[in-house]
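So that you can see what the record holds, here are the features copied from TrEMBL:
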{"type": "TRANSMEM", "residues": "15-33", "note": "transmembrane segment"}
{"type": "TRANSMEM", "residues": "39-64", "note": "transmembrane segment"}
{"type": "TRANSMEM", "residues": "76-97", "note": "transmembrane segment"}
{"type": "TRANSMEM", "residues": "109-127", "note": "transmembrane segment"}
{"type": "TRANSMEM", "residues": "134-152", "note": "transmembrane segment"}
{"type": "TRANSMEM", "residues": "172-192", "note": "transmembrane segment"}
{"type": "TRANSMEM", "residues": "199-230", "note": "transmembrane segment"}
{"type": "DOMAIN", "residues": "200-358", "note": "domain 'O-antigen ligase-related'"}
{"type": "TRANSMEM", "residues": "236-254", "note": "transmembrane segment"}
{"type": "TRANSMEM", "residues": "347-368", "note": "transmembrane segment"}
{"type": "TRANSMEM", "residues": "380-410", "note": "transmembrane segment"}
Amino acid sequence: MSSLTRHTNKQKTNFLINYQCFVAVAAILVFFSKLDGVLTAYGIGIPLLWVIGFLFLAVPLYPSIFKKLPYLPRSIFVWFAIYLAMTSIVVLAMPSSSAPIQQIMEDQIRSMIFISLMLLIFSEHSVVQQFTKISVLIVTFFNVFLLTAQFLKPTILQEVQDVPGRAGGFYIDPNMASCGLNMGLIFTIGLIKPKYRLIYALFVLIGNVATFSRGGIACWLLIVLLFMAVKIIPVAQLPILIVSILVTATIVSAQVDNLSYIKTPNGEEIFNEGTIERIRVIANPFAESEEIVEEEEDSRILLLELGWQKFTSSPIFGSGLGSGEHEGIKPDSDKAPRSHNIYLDRMIEYGFLGIFIYPLLILASVWQAQGEHRKYALVFTIYALIWGIFSHTVFTNFFILTSIAFMAVLSKQSRIDRALEQDIVTKY
């Protein structure tokens, strides 16, 4: 009877592991790929429904929560407590704020629930984490192909793209698409044999180039150089990297002026002057620019200036929850814009201490990473902190939160693996 019970328990365990693999893969295909975002843009569902759906999908995993506790990164939950405490203090200190405080609080709680859900889905089993990495690899390949296809045929997903003439894929925003590629590169380059890793990185660069994201391409180069510095990519391949970049820049420089002649079937120009100048700067950063300022870039500078003025008006205690929104800048928009910088955005609301909120989350996600994973954690940390300079949506963007949660699980797993190795050495 006991033998039958053990067999039944083993079958149940195998089923739960397989099911957890399925849910982890589904989470990557929906959230890391930003499939949820593009479907929402087409009017199919809303982000909250996707979260609720995965909360129900993960129901079979809930009975094992207590068993999984040792595999969950406590540092993330410590960050939850710190963030909630700071928010509560701000709300109590400035209860008369005209901002939609309730909605902002709901967004924070939803983000924490989402991170906790992803931690549960990705945790404990190495096979789950391996399948998750493979899923990220598939999504990264898909993104490169889709972004390249959009560059060659800009009418693909044209009706939901943020910037005409720049590929955004399912991410809609070209800069976010570039971030997705770079995150994918960080998580998956370890799956590739060392001698092919630079080739894989150059393949990811193709997708980055299609977005025309100057920051994204610069960060890609930084990531590759960091990988070489920590010997994840062989340093001997540096000449290949240099030659590849020079050849790409030469080809783009030679063809950039022809982009102005590319038009839609209706005769409309696909690439405006701002986009063409952006491409010209990417191809040759040291050439003299025609100083064409894109509307998007001009708006970002204005928002940063307004944000800094708000911060300096109350640098110690901040201006209250929701004060990071700049009312009246885009009166035709459903939502007031923010400063496109998570550090400044939180400093406006929480005071000077707000600058530490996002870095503490990234630190929590890589806390005490061990072994080979420390190299990947270092690259992830540097890139994630830089990304915060260009985005204020890191706490509400499920794609970013999925990346942070997965990195936190991998860091925790690296500590567990190192402890097991030390136990084995001690015994023998």
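For all residues, glycine too, the Cβ spot is worked out from N, Cα and C.
Automated prediction, rather than curation, is the source of TrEMBL annotations.
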Two-stretch contact, the transmembrane segment (15-33) and the transmembrane segment (347-368), at least three Cβ pairs under 8 Å: no
When counting Cβ pairs under 8 Å to the transmembrane segment (134-152), the leader among 39-64, 109-127, 199-230, 236-254: 199-230
Of 109-127, 236-254, 380-410, whichever stretch has the most CB pairs under 8 A to the transmembrane segment (172-192): 380-410
Segment proximity, the transmembrane segment (380-410) to the transmembrane segment (199-230), 3 or more C-beta pairs under 8 Å: yes
